[in-house]
Structures are given as C-alpha cells and as structure tokens.
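Asks: Here's a structure for you.
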C-alpha cells in the first residue's frame, strides 16, 4: 500500500522525510520521534471508526434467544441468553400481524403493534424489530422519536402524511405516501404519521434495533412523572400558566 494513500493529508515531501533511511542512529531516533504523534493519532482514529460502525453491538454468535431467567449464564444486550440446547423454532416466531390493531382504544385513532425483543426473543442481539401500524380515517401516530433506531416505513393500504424534523434549526421533511410507498425516519429524530384519507390505513415499519425505544413528545413533556415544573413549561412554550 502506498504511504500517500495511507496519509493523504501529508505532503509528499513530508512523507519522504519520514521514510528516508538515515545514516546514523541519532537521525533514526529523531525521525521516529517526529512522526510518532501523527501515526498515533491516525491509529486512534482508525480504531474509533471501527467502534462506531454499528449502533446495536454486533453479535458474537449465531443468536442469543432472550430469556427472563436470571439463572442463565450469559447477559447480552439487556437480555439473558437461553441455553442453546432448549431453543426451538418458536423462539424465532411471532404470529398475528395479519390482525388489525385496536384503533378504537386510542383517542388518536391509531394503533401500533411493535414486535421487539420482548415479544420475539429470537431478536436478541440481531439489531432489528418490526411494527404494524393501523389508522382510522384521520387517525394520527403523534410526534415521537425512537432514541435507538432508524425506522423504515412502507404503506400497505391508504394514504399517509408523514414527516420528520431535524435537529436545530428544525427543518421539516414531509411527504404524502400511498400504497407501496416507502419513507425512512432517521434515528432519534421527531416524526409522525397521519392518515389523511377517508378509509383505514395500514403500514409496516422496520426498525434498526431490537429495542428502539419510544418517546411520545406530548406525553414526555406534559405527562411526565413527577410532572415538569409549570414555570418551566410556561417559559419554554411562551404561555400563561394561569389560563
């Protein structure tokens, strides 16, 4: 491998000076000391790059089926691993996503059935989960965020208005989706889905974590336990707390 490819920020003259074969021991020592800080920095950056290449840790075995039995020997990604000798096909199976969600139970007219590691133990360490979303006409999955996962949504039925907001300065990206359309919501960003049609809508979402987490913005801000001080909310939203 060419040294110019390894260290593109160095001038060719600088690399030649580092690589030149000195004639005496003192020159060798001096050149090594001059080049050491740069080479050390490159080594640290290369190591850091390998460490941040994935969000959920990569598995070190074929699978680690989750089990709540604390007597199990291994603790990985928040779940204990089931003894491989007792694993069956059912540990990798979840039925029922063909059944519509109970949207009547929600004031917002939506239902989300998330299949994560808590419902499908075989997902443990695999870095993926799945959800079915059902909407009544004008049903809403309100602004929320998944702190540990990117979401990839595909519409199966109906018409959805979807969008996400970036970090500051908070630019909105929004799109109307029809049957067969796909939209991605980057990890950690606030996003929503709204059925703008007059019929029910159905969508499926894949998420890049076995346990992506959920923060519904309105619930977190106005429904925390204990509640956020009203003076804080009034100041933040520029409201009169007495009204």
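Glycine residues also receive a Cβ, built from the backbone N, Cα and C atoms like all the rest.
Feature annotation from TrEMBL assigns disulfide bond to 64-81. Per TrEMBL, domain 'Cupin type-1' is recorded for 95-243. What TrEMBL lists as oxalate binding site is 141, 146, 151. TrEMBL lists 144, 146, 151, 191 with the feature Mn(2+) binding site.
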Asks: Over all shown protein chains, what is the count of other CB atoms within 10 A of the CB belonging to residue 81 (disulfide bond)?
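Replies: I count 21 other Cβ atoms within 10 Å of it.
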Asks: Among the recorded positions listed here (64, 81, 191), which has the Cα closest to the Cα of residue 141 (oxalate binding site)?
Replies: 191
Asks: Please spell out the DSSP helix, strand and coil residue counts for the domain 'Cupin type-1' (95-243).
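Replies: Across the domain 'Cupin type-1' (95-243), the residues distribute as 20 helix, 57 strand, 72 coil.
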Asks: Please tell me which one of the recorded positions listed here (64, 81, 151) sits closest to residue 144 (Mn(2+) binding site), measuring Cα to Cα?
Replies: 151
Asks: Take the domain 'Cupin type-1' (95-243) and average the pLDDT across it for me.
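Replies: Averaged over the domain 'Cupin type-1' (95-243), per-residue pLDDT gives 96.
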Asks: I need the CA-to-CA distance for residue 146 (oxalate binding site) versus residue 191 (Mn(2+) binding site), whole Å please.
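Replies: A Cα-Cα distance of 9 Å.
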Asks: Under a criterion of Cβ-Cβ distance under 8 Å and sequence separation of at least 6, what residues of the same chain contact residue 151 (oxalate binding site)?
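Replies: Residues satisfying the criterion: 184, 185, 191, 205, 206, 207, 208, 212.
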Asks: 144, 146: which of these binding-site residues has the highest Cβ count within 10 Å of its own Cβ?
Replies: 146
Asks: How many other Cβ atoms sit within 10 Å of the Cβ of residue 191 (Mn(2+) binding site)?
Replies: 22
Asks: With an 8 Å cut-off on Cβ distance to the 141, 146, 151 Cβ center, who else from the chain surrounds the oxalate site?
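Replies: Filtered neighbour residues, in order: 131, 144, 145, 153, 185, 191, 193, 205, 207, 212, 214.
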Asks: Just how many other Cβ atoms lie inside 10 Å of the Cβ on residue 64 (disulfide bond)?
Replies: 25
